[in-house]
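**Student:** Pasting in a structure now, in structure tokens, and then I'll have a few things to ask.
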Amino acid sequence: MRPYHCFWLLFWAGQPHQSLLSPLSKRTSGFPEEEKVLVLSGNSRQDLHRSKRSWMWNQFFLLEEYTGTDYQYVGKLHSDQDKGDGSLKYILSGDGAGDLFIINENTGDIQATKRLDREEKPVYILRAQAINRRTGRPVEPESEFIIKIHDINDNEPMFTKDVYNASIPEMSDIGTFVVQVTATDADDPTYGNSAKVVYSILQGQPYFSVESETGIIKTALLNMDRENREQYQVVIQAKDMGGQMGGLSGTTTVNITLTDVNDNPPRFPQSTYQFRAPESTPPASPVGRIKANDADVDENAEIEYSITEGDGYDMFGITTDKDTQEGIITVKKALDFENKNLYILKVEATNTHVDPRFLYLGPFKDSATVRIQVEDVDEPPVFSRPAYIMEVKEDVPINSVIGTVTAQDPDAAKNPVKYSVDRHTDMDRVFNINSGNGSIFTSKPLDRETLLWHNITVIASEINNPKQSSRVPVFIKVLDVNDNAPEFAMFYETFVCENAKAEQLIQTLSAVDKDDSYSGHQFSFSLAPEAASSSNFTLQDNRDNTAGIFTRKNRYNRHEMSTYFLPVVISDNDYPIQSSTETVTIRVCACDHRGKMLSCNAEALIHPTGLSTGALIAILLCIIILLVTVVLFAALRRQRKKEPLIISKEDIRDNIVSYNDEGGGEEDTQAFDIGTLRNPEAIDDNKLRRDIVPETLFMPRRTTTARDNTDVRDFINQRLKENDADPAAPPYDSLATYAYEGNGSVAESLSSLESVTTDGDQDYDYLSDWGPRFKKLADMYGAMDSDKD
């Protein structure tokens, strides 16, 4: 007989001290003190039997938001196989096992390690099992149980929106629905009153009220007028625990706007309006604006104006400006001061959207009187028509009259009128007009194919007052005559095979005509008389404005004749008949047996390979020209190298010879030796000058050496005098660098700017001792001294 074992689960819930859980079938407000035991049969996980009582346990309760310092005790897991010797090990798995819920594997005690929040997770499903610690095999089947978290009132009601926006029509009745606000409480609605919400109004009375259970806001005051106040702000409170003391609460703001209804009629601010209109005012032009005021907005303030009566009912009209709601009075017909100079109108303003509920407030319309005074002006001439359309054939002779325009002065004076053509509309001066009677005639030949329509403008102005003028468009259509011969629709160049047979079609021709034919073009094709009998080809007219070219003989030889020019005569059937002779180019080509062209060049058989004679001659000429160019360039370069530095003796331009020699540093003693300046004897007398052409060198002249230990300044002055007197020196200024400035100038600074600041006059006579190079300077400053004297 198979033995059965029992698996006992003991739970304490709610408090950290020992307490028992309530069974699911009996809900109490407290916790029973008697221990509840869960006995599981070893045969099946699904069959649950209680060994001592008939209760079935499948869920347990635990309070949320535990604030104690110790772990919260949940319950105890025990098996009847546990002998207390530590041979069994208890295992817990499922939601939060090992993290949120832990079990003592020796004693089976289950504890919660963290604060539980029912709003985050209200139910935890766990599985418990006891296994043999040595073998690792389960001694009891796995059991599943549920832990439900008991709710406490720890969440205040939250509105679905922070701010509500609503609107209702003004003048609404009491109790009109405005908006419904909704607040939710995250607490358990099935446990106590933690989630029972009650609404109340904190701000917005006496205009609005709220239903405590539904959160519906309604109007509480009659005839609220938008024109007096448009915006209202209402604060609604939602409180849980049924609104009792100690309940949590939340608030929201409701912005309520009163929308407009048509409860105000339009009103004119004045009863009479006066306007002036010149008699030259064109139709549809505005004369003035009037406006009726309406306190409503949007479509309720839309006004429609109309002229109800008056002697100017048919002369004036009125429209509504949709943007400004103004009535615009316009001229419907041309005004004439001589006939009538004063009009009186009655204008009415009416709301377009009338609300029948507010008809008791009075008629939603108003009227005013409008007086319009017509002013006399000097009017320009008026044409008999707003536009003229004329027709003329393109072959009419020059100076032919094609039509007449008429205009007259509408004033009582009836001033005479003269006519002219606006040349901006007739730049080519194709037409002209008789200034006295307005007859238009041609001044140049016309061509319909070039320009079909001529649009010109005729000006009529008063002779006594040319500023008074008016314009009228004249549209002149050029009618067609048959003055163009038909021609080919395209340039025809075709070929015929050498092995062609007689009566073989080689090309189809078509023609076009620039003239316009009312009945359709009919062209006829034929060969020119000079080619009709001797031609190697025939032409067949297809009678559908096309023609075909056929071969007349068998086989053609491109060495005898490589190209044929076939003249074709094309004629039309209009009057007078026009014809033209067009040429078709036919080349003789070599073709394969299918008629596909292979070659049309007769020279290809004579010179199958290599270049032609013309090509060879062209290549040789290019080579000769290239060689001549190279020789000339080399000769010019050589001649340019032999040019002397001084081309002419009259060339006394200042020249600086740049040798582009870069010296070394201070340690480079080979680049320049300052000792040469202090020891003139070390100068090599045989060195030649580098600033003149070698062929014109003079023999160097020996100079007397300076005394030993002389100052460099004396040495430079000595060299300066020698160079001035040297006939071998070049006739232009050259730059000599000695790299030593000296001890200072006897005359100090020669600057004219610095000389101005000196107290006394300076003596520049020593400049004359410096040689001819400073003669100009000495004369200039010597002249200044003489001027002062």
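Glycine residues also receive a Cβ, built from the backbone N, Cα and C atoms like all the rest.
According to TrEMBL, the protein has these features:
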type	residues	note
DOMAIN	79-159	domain 'Cadherin'
DOMAIN	160-268	domain 'Cadherin'
DOMAIN	269-383	domain 'Cadherin'
DOMAIN	384-488	domain 'Cadherin'
DOMAIN	488-598	domain 'Cadherin'
TRANSMEM	615-636	transmembrane segment
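Situate these features within the shown structure.
**Tutor:** Break the domain 'Cadherin' (79-159) down by DSSP state and the numbers are 0 helix, 37 strand, 44 coil.
Assigned with DSSP, the residues of the domain 'Cadherin' (160-268) fall into helix, strand and coil as follows: 3 helix, 47 strand, 59 coil.
Residue counts for the domain 'Cadherin' (384-488) under DSSP, split into helix (H, G, I), strand (E, B) and coil, are 0 helix, 47 strand, 58 coil.
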**Student:** Given the model, what does the mean pLDDT over the domain 'Cadherin' (384-488) come out as?
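**Tutor:** Within the domain 'Cadherin' (384-488), the model's average pLDDT equals 91.
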**Student:** By DSSP, how many residues in the domain 'Cadherin' (269-383) are helix, how many strand, and how many coil?
**Tutor:** 10 helix, 56 strand, 49 coil
